[in-house]
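S.K.: A single structure is presented below for examination.
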Amino acid sequence: MGFRKPPDGGWGWVIVVVSFFTQFLCYGSPLAVGVLYLEWLDAFGEGKGKTAWVGSLANGIGLLASPVCSICVSSFGARPVAIFSGFMVAGGLMMSSFAPNIYFLYISYGIVVGLGCGLLYTATVTITCQYFDKHRGLALGLISTGSSVGLFIYAALQRELIELYGLDGCLLIVGALSLNILACGTLMRPVESSSSPPPEKMCVDKVPDQYFVYHEKEKTVEENISILEKGYIDEKCVNNVPDCKQDSILNKNVLSSININEKDTYKKKVVEQTNFCKQLAKRKWQLYLTYWKETMLLFKNKVFSALFVAILLFDIGGFPPSLLMEDVARSANISEDDYYMPLISIIGIMTTVGKLILGILADFKWVNTLYLYVTTLLMTGVALFAIPFAKSYLTLAMLSGVLGFLTGNWSIFPYVTTKTVGIEKLTHAYGILMFFAGLGNSLGPPIVGWFYDWTQEYDTAFYFSGFCVLLGGFLLLLAALPCWNACTNQSSKLPPNTYSYKVASNA
């Protein structure tokens with residue numbers, strides 16, 4: 001059996017459109033949660049660190065649960081997962097409007113909405129990759145901008161809805177808008193397979209009968225023997241009464257021999273089943289050990305180890321501005337009359353620009369992608385250090401734009417991972433790195449909020465954030481300097497590796 005070759009067009013462009021709107025609808029509110037963060041601070045009166053957990057969980061839990069999300073999409077398909085996740089996101093947002101305390105929001109907004117977003121992200125990326133091969137990079141680039149556009153629009157939309165209908169009404173309306181994900185999910189038609197029978201049916205046919213229908217056969221044999229025995233004895237007893245007793249004894253002897261053979265067969269089949277289970281468990285254990293051995297080999301690569309530290313520190317320090325920038329402006333006593341556009345909207349639109357421009361730069365042969373990524377980290381650290389000195393809307397808006405543009409380095413992160421570990425280990429390595437990115441997203445805003453609770457000002461918090469990002473950038477630079485040229489030389493000597501890197505870049 002074989003699935004049809006990716007069409008690279010046709011219904012695939014419908015998949016791109018619905019995937020774009022799916023990410024727009026599901027990630028719009030969680031990425032623009034900074035607007036809601038201010039309202040939750042006033043509504044519940046909790047500390048900034050405790051309140052920041054809501055937004056950090058909503059954005060980090062999907063990355064932390066990425067292995068589970070991948071298993072769900074692989075097992076059930078993109079369409080059912082997208083529809084189910086649409087209910088999760090919409091239901092979580094609507095439940096949040098009735099939250100009596102901050103702890104309720106941890107579950108309704110942080111976990112339910114966050115997990116739904118993670119499932120939807122995996123579903124949209126998976127179905128898009130199934131429909132595209134040659135144009136996969138373009139398709140993935142288009143759908144990835146959905147979250148950034150959602151951040152830009154939802155930041156202003158949620159602010160207007162709060163002014164008109166209050167916090168509870170805003171969450172109800174945003175949750176109702178998220179129900180449009182269901183319509184998008186129904187259009188995620190899977191790629192048609194060839195006329196051959198599906199693999200599940202073939203696998204079932206090849207499995208020996210004893211693993212499935214043995215008990216049914218056993219029961220049928222016993223019933224037939226019982227019926228035959230009864231009918232034969234009754235007939236003999238009616239026609240020839242003296243022979244009835246003798247035939248009954250004879251039949252019992254025959255049946256006892258049949259039962260002995262059936263018992264031997266049953267024992268044999270039990271042994272076969274036991275051996276099958278043992279072999280399966282042994283194979284699974286070997287796969288588990290192989291996975292951890294490959295993981296340990298990845299961490300022996302010092303560039304990969306530095307990359308893992310860098311992405312963790314970058315998300316701890318670089319993610320909080322998108323959540324806390326509105327509160328930073330309020331803490332600086334900036335008048336609402338000076339607010340021409342929400343700072344989070346500026347971050348969102350500049351993130352879209354950054355993804356496109358940095359992605360284009362990474363395609364140039366003369367650009368070293370790792371050095372480009374390190375440059376974005378170092379510049380992000382400097383911008384974070386400058387936030388305490390910004391006391392006007394204009395300076396905060398400029399810094400928001402710079403930080404948003406540099407956050408677009410997510411578009412080149414797969415390039416860097418591929419160049420570090422190779423295309424054959426990309427899936428394994430990228431999954432590990434995304435887990436730690438989710439951990440950084442979850443920890444960053446609460447840590448910055450706790451700094452404010454301790455010091456009653458954001459200066460120390462953003463000095464800490466800038467230090468984290470700069471430390472990660474310098475560690476990655478130091479790890480890459482001695483061996484990066486050697487890696488580049490090896491890739492130039494082996495054309496297949498160079499070709500694989502280009503393919504990964506498009507992906």
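Even glycines carry a Cβ here, placed using N, Cα and C.
Just lifted these from TrEMBL, have a look:
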{"type": "TRANSMEM", "residues": "12-40", "note": "transmembrane segment"}
{"type": "TRANSMEM", "residues": "52-73", "note": "transmembrane segment"}
{"type": "TRANSMEM", "residues": "80-98", "note": "transmembrane segment"}
{"type": "TRANSMEM", "residues": "104-125", "note": "transmembrane segment"}
{"type": "TRANSMEM", "residues": "137-157", "note": "transmembrane segment"}
{"type": "TRANSMEM", "residues": "169-188", "note": "transmembrane segment"}
{"type": "TRANSMEM", "residues": "303-319", "note": "transmembrane segment"}
{"type": "TRANSMEM", "residues": "339-358", "note": "transmembrane segment"}
{"type": "TRANSMEM", "residues": "370-390", "note": "transmembrane segment"}
{"type": "TRANSMEM", "residues": "396-417", "note": "transmembrane segment"}
{"type": "TRANSMEM", "residues": "429-452", "note": "transmembrane segment"}
{"type": "TRANSMEM", "residues": "464-484", "note": "transmembrane segment"}
S.K.: Is the transmembrane segment (464-484) in contact with the transmembrane segment (370-390), using three or more Cβ pairs under 8 angstroms as the rule and ignoring pairs under 6 apart in sequence?
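M.R.: They do touch: at least three Cβ pairs between the two stretches lie under 8 Å.
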S.K.: Near the transmembrane segment (137-157), which residues from the same chain, at least 6 beyond its ends, have a CB less than 8 A from one of its CBs?
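M.R.: Answer is 12, 15-16, 19-29, 31-32, 34-35, 124-125, 128-129, 131, 174, 322, 341-342, 344-345, 347-349, 351-352, 355-356, 359, 411, 505-507.
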S.K.: Quickly jot the same-chain residues contacting the transmembrane segment (52-73) by Cβ under 8 Å, restricted to those at least six beyond its ends, or write none.
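M.R.: Hits for the transmembrane segment (52-73): 30-31, 33-34, 36-37, 40, 81, 102, 105-106, 109-111, 113-115, 117-119, 121-123, 126, 319-320, 323-324, 431, 434-435, 437-446, 448-449.
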S.K.: Counting a contact as 3 or more Cβ pairs under 8 Å, with residues at least 6 apart in sequence, do the transmembrane segment (339-358) and the transmembrane segment (429-452) touch?
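M.R.: No, the transmembrane segment (339-358) does not contact the transmembrane segment (429-452).
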S.K.: Going through 12-40, 104-125, 303-319, 396-417, 464-484 one by one, which has the most CB pairs that fall under 8 Å from the transmembrane segment (169-188)?
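M.R.: Most Cβ pairs under 8 Å with the transmembrane segment (169-188) come from 12-40.
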